[in-house]
Number of protein chains: 2
Amino acid sequence: MTELLLATRNAKKLVELRRILEAAGVTGIEVLGLGDVPEFAEAPETGATFEDNALAKATDAARATGIAAVADDSGLEVDALNGMPGVLSARWSGKHGDDAGNLELLLGQLTDVPDERRGAAFVSAAALVRPDGAQTVVRGEWRGSVIAEQRGSNGFGYDPSFVPEGGTRTAAELSAEEKDADSHRGRALQQLLPALRELAG
Amino acid sequence: MTELLLATRNAKKLVELRRILEAAGVTGIEVLGLGDVPEFAEAPETGATFEDNALAKATDAARATGIAAVADDSGLEVDALNGMPGVLSARWSGKHGDDAGNLELLLGQLTDVPDERRGAAFVSAAALVRPDGAQTVVRGEWRGSVIAEQRGSNGFGYDPSFVPEGGTRTAAELSAEEKDADSHRGRALQQLLPALRELAG
């Protein structure tokens, strides 16, 4: 088995990557999380773009552990906020990882914004860095709009108020399989599959 | 005396406009505030630009009262937030007019943003609408940067953390006269002076 470190402490992301690899028939890769390499401390995400952050995280993790590492940085770009929260999505309320507070703040900011200006896109950049330093960086996008209510309990972050284009359900009302096929992170990880297949050997 | 309605309930803005008119030697204009015309209710500011909002407010006020009206819409455009809070500056925390909460939120969002990406501009659009419908719209900008601390007690809004270019003091540490000369709203109102002089007759 080739070890692959997913540079995250988010258990849902680990499950997601394992599910996508399995569905794609990529075997021979054991996906570890940061919980499995306690010696490695993540640096703060201070890049100006998702790509910067994903690449910095994967590079740090691969260097520190000697294991091939995948990292992603994802967020919601809201048209009426000129593309923000963007790279600040996870700490929009000023408090890192406060999902409920971040979403509540966003909905408050959009209170007076009319429907026709509530377009948004979930964006994810994913980077694979191999122990020899070789890099692959990809990007996935998922267009939709931000509604005023919150619906559904699958997913996390801004999912309960994001309705993907062409649908009526929120991202938090979709099944894991539906999200893998369409979502920003699903699309980014799909694009990493050729490189991961090669890694598996 | 020609009456001029400044479409605001902010007493500091009334004082500011009266001071600027006096300094410019424009006499013959009596500046009223919305407190003087209780029959008029402001519409929410839902425009996508400062100019849209200023013009909509001045137009509404002039129509409802038959008095020439000036309105402004101002805010802080932060580079690292793609120009936001922008038109949402006064309700950035999701709660309208919560100055302390808005500033605290902004500083929280910028916590990990390095100094070289903390540039910002205060922007103000001001509109004059005369009873006959004639319109003048102008814009003033004030470049600077957002510091992590809060200093000074003059001013309001984001002033305590905004250091204008070429200076070391925050906008809240400047005197009213210094602000009139340099600030975004000062610059916008200066540009309205020719039209206001004409109105005074």
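Backbone N, Cα and C atoms are what each Cβ position is placed from, and that goes for glycine too.
TrEMBL annotates B:THR8, B:ARG9, B:ASN10, B:ALA11, B:LYS12, B:LYS13, B:PHE156, B:GLY157, B:TYR158, B:ASP159, B:LYS179, B:HIS184, B:ARG185 as substrate-binding residues; of B:SER74, B:SER145, the candidate listed for that same site is B:SER74. Cβ neighbour count within 10 Å across all protein chains ranks B:SER74 highest among the binding-site residues B:THR8, B:ASN10, B:SER74. Highest Cβ count within 10 Å among the binding-site residues B:LYS12, B:HIS184: B:HIS184. In sequence order, B:GLU45, B:GLY47, B:PHE50, B:GLU51, B:ASN53, B:ALA54, B:LYS57, B:VAL87, B:SER124, B:ALA125 are the residues near B:ASP73 (Mg(2+) binding site), counting only same-chain partners six or more apart with C-beta under 8 A. Neighbour count (other Cβ atoms within 10 Å of the Cβ, all protein chains): 21 for B:GLY157 (substrate binding site).
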